[in-house]
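Over in TrEMBL, the protein carries these features:
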- E19, D48: UDP-alpha-D-glucose binding site (BINDING)
- D48: active site (ACT_SITE)
- K190, D214: Mn(2+) binding site (BINDING)
- D354: active site (ACT_SITE)
- 426-444: transmembrane segment (TRANSMEM)
- 464-487: transmembrane segment (TRANSMEM)
- 554-578: transmembrane segment (TRANSMEM)
Amino acid sequence: SYKLPGVDIFVCTADPTVEPPTLVINTVLSAMSLNHPTEKLSVYLSDDGGSQLTFYALLEASRFSKLWIPFCKKFNVEPRSPDAYFTHNFDLHEHTADAQQRLFIKEQYEDMIKRIEAAINKDSVPEELKNQHKGFSEWDSNVTKQNHQPIVQIIIDGRDTNAVDSDGCRLPTLVYMAREKRPDCLHHFKAGAMNALIRVSSEISNSAIILNLDCDMYANNADSIKEALCFFMDEERGHQIAFVQHPQKYNNITKNDLYGNSSPVLNKVELPGVGGYGSALYCGTGCFHRRTSLCGTKYSEEHKGLWNSETRKDDNRTVHELEEASKVLASCGFEKGTQWGKEMGLIYGCPVEDVVTGLAIQCRGWKSVYYNPDNTAFIGVAPPTLDIALVQFTRWSDGMFQIFLSKYCPFIYGHNKIKLGAQMGYCVYLLWAPSSLPLLYYAIALPFSLFQGIPLFPDIQSRWFIPFAYVFVSKNIYSLAEALIFGSTFKAWWNLQRMWVHRRTTSFFFAFIDCIVRQLGLSQTTFTLTAKVVTDDVSKMYQQEIMDFGSTSTIFTVISTLAMLNLFSLIGVVVKVFMGGLECKDMEKLVSQVVLCGLMVTVNGRVYEALFVRKDKGSMPGSVMFKSIVLASLVCLIPL
């Protein structure tokens with residue numbers, strides 16, 4: 001182990017109501033129990049919510065880790081998240097000694113969760129518990145989420161030979177950080193939290209490798225650190241690697257992937273393709289970084305074989321002295337007049353700070369790797385409602401289009417720095433937002449022209465019809481074949497087609513408008529957290545693959561209006577044919593539009609069901625139905 005570099009693991013959370021502490025500590029415990037020498041492993045939790053409930057949960061997790069880590073090592077447990085393990089891998093009918101030990105650990109875990117949930121329900125930590133750790137003194141009546149001093153607490157000091165688990169083995173370092181927040185200071189969302197973690201960890205452990213995880217993305221493969229280090233420590237090309245990115249995979253994907261979250265073609269074809277140019281995208285979680293590259297260092301051949309020199313800081317400062325020194329690095333004023341957020345750390349000013357940071361690192365000469373092992377390294381939680389899924393894509397597409405319009409546009413910033421194929425690979429995603437415009441045209445102009453009897457495509461008997469038919473048929477056959485080859489079902493592929501229609505006509509379009517407005521200086525960058533928990537009713541609908549439309553969101557008004565517009569047009573044509581108002585010659589000119597409009601109606605079958613058939617909580621609200629019918633009717637009645 002003396003040759004292995006140290007690893008600092010960053011876990012970020014921002015709101016204990018949206019990201020429950022019980023979820024967060026499962027990720028932390030899974031990270032603490034990864035197979036790596038514990039004296040070279042440190043786990044840092046950034047709590048942008050500044051919540052003493054999260055701190056209390058982490059304190060409980062540190063105690064439970066004394067049982068959980070040796071248990072994982074003894075039984076080679078996977079996944080390393082206690083909740084995931086006991087939910088999917090526990091057999092109550094075994095009566096062996098090993099089974100009894102598993103039952104004991106399970107009971108200890110459940111007791112810990114009950115104590116944490118009791119504190120959450122009371123919205124406070126009992127006084128007798130507060131007296132057990134000095135860290136609670138940081139919270140007083142003046143501390144709020146957006147206004148508090150920097151808080152750094154070293155809960156487990158990995159240097160302490162007395163900090164051991166139940167088997168007498170050393171525990172990894174565990175640190176809680178809530179960077180300073182003040183109402184008059186920009187905090188730069190997740191990018192600011194990550195940069196504070198980089199600085200604080202450099203003061204405490206200063207490991208050469210950094211792994212960052214979202215708070216809902218637990219470690220599934222116990223050897224994920226070892227596998228990533230194989231890239232960094234490769235004798236020929238390891239010194240060129242800045243980061244190793246794992247795919248985002250989820251533990252709650254339904255059989256037919258209702259909301260198109262699993263993206264097997266994206267994970268197995270597209271992202272590895274970009275990675276083939278040495279320019280894998282940094283996706284914000286499940287990523288191993290070389291600390292020096294993340295801190296703004298340009299690539300140099302001199303980085304070869306520097307692992308032994310980039311070791312843990314060996315100083316004699318006390319825990320208190322380290323905490324006080326770290327607080328300075330986590331303060332609001334520390335970054336003023338520095339290159340943090342510009343040339344150092346994660347880049348500020350963009351909702352997708354991860355993608356633009358990865359691009360900047362590659363333009364400094366570094367290479368990156370996309371690694372998708374059979375044994376998935378990290379597993380998260382996919383959005384279980386349509387509203388959450390579309391809001392997430394709005395944020396992503398907004399941020400990526402913002403990159404394209406900025407100085408970081410790959411064709412400009414990456415010119416002569418990364419390969420042309422990599423530049424084009426980036427832009428496939430950076431141009432998600434404007435890709436909404438052609439589909440919106442089809443979704444509006446096509447049914448409108450059909451309703452008015454105006455042909456948009458060549459007559460089916462014309463040879464000019466062949467190119468249109470060829471592109472349409474070949475594209476969809478290729479897409480379906482690709483999906484089936486990489487493990488999707490036909491129904492999952494169809495669900496994904498529906499989701500792409502919904503994404504492009506809502507998420508991408510709203511992102512396009514927001515980005516243009518921001519470029520004109522009429523608004524500022526915002527950040528929306530993705531909810532990690534939902535009610536039991538919503539979860540049950542999701543598992544049964546019933547789409548949830550139970551919101552008055554503008555997104556659903558747009559979806560239902562476009563669905564109604566296509567339905568009215570199709571019905572209008574059918575009525576004209578049966579009433580004799582459309583001659584055979586005219587109908588031949590409209591066949592292409594009828595087919596495409598019919599496909600749009602078929603894709604929106606779930607929408608019509610939610611509008612007119614369903615009566616459950618996931619049905620479309622009456623106000624949305626009324627607005628969509630009125631708007632679609634007005635479009636159809638526009639005179640020419």
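Keep in mind that glycine also has a Cβ here, set from the backbone N, Cα and C atoms.
Note that this is a predicted model, so its numbers are computed, not measured.
Recorded features from TrEMBL, shown on the structure.
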residue: E19; record: UDP-alpha-D-glucose binding site; Cβ within 10 Å: 25
residue: D48; record: UDP-alpha-D-glucose binding site; Cβ within 10 Å: 24
residue: K190; record: Mn(2+) binding site; Cβ within 10 Å: 23
residue: D214; record: Mn(2+) binding site; Cβ within 10 Å: 22
residue: D354; record: active site; Cβ within 10 Å: 23
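Residues 270, 274, 279, 281, 355, 359, 393, 396-398, 400-401, 403-404, 409-411, 414, 501, 504-505, 508-509, 511-512, 515, 562, 565-566, 596, 600, 635 of the same chain sit 6 or more residues outside the transmembrane segment (426-444) yet have a Cβ under 8 Å from a Cβ within it. Distance from the CA of D354 (active site) to the CA of K190 (Mn(2+) binding site) is 9 Å. Listed as Cβ neighbours of the transmembrane segment (554-578) (distance under 8 Å, sequence separation of 6 or more from its ends, same chain) are residues 387, 390-391, 443-444, 446-448, 450-451, 453, 502, 505-507, 509-510, 587, 590, 594, 597-598, 600-601, 604, 607-608, 611, 620-621, 624-625, 627-629, 631-633, 635-636.
If you measure from the Cα atom of D48 (UDP-alpha-D-glucose binding site) to that of D354 (active site), you get 18 Å.
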